[in-house]
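Reading through the structure tokens given below for one structure.
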Amino acid sequence: RLLGRGLAAAMSPSQPLKSVDYEVFGRVQGVCFRMYTEGEAKKIGVVGWVKNTSKGTVTGQVQGPEDKVNSMKSWLSKIGSPSSRIDRTEFSNEKAISKLEYSNFSIRY
């Protein structure tokens, strides 16, 4: 089975893929949170998206190999951007997926 270049090629087929939705509460808007989230996701090697909500939270979805998704969940819960303050992060719809639904990680508006 041939995989495309880049992200897909770097993923081992033995590692199950996972998808999870997230919402981050706290001081997470106006502090470059989305930009840092995108950078971290690309560094870890997960795909998905991030966006600000009208209620002052940041929401999105992460997909990738289980261990990488877990690393991203940890980052979204504990680290965030340098000037952000994360009060709590809620994860939902965590499930196994057969293939990635995104080709990269993007900021949505």
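Cβ coordinates come from backbone N, Cα and C, glycine included.
Remember, predicted model here, so these are calculated numbers, not experimental data.
Over in TrEMBL, the protein carries these features:
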type     : residues : note
ACT_SITE : ARG34    : active site
ACT_SITE : ASN52    : active site
DOMAIN   : 19-109   : domain 'Acylphosphatase-like'
Residue, out of the active-site residues ARG34, ASN52, whose Cβ gathers the largest set of other Cβ atoms within 10 Å: ARG34
Average model confidence [pLDDT] within the domain 'Acylphosphatase-like' (19-109): 98
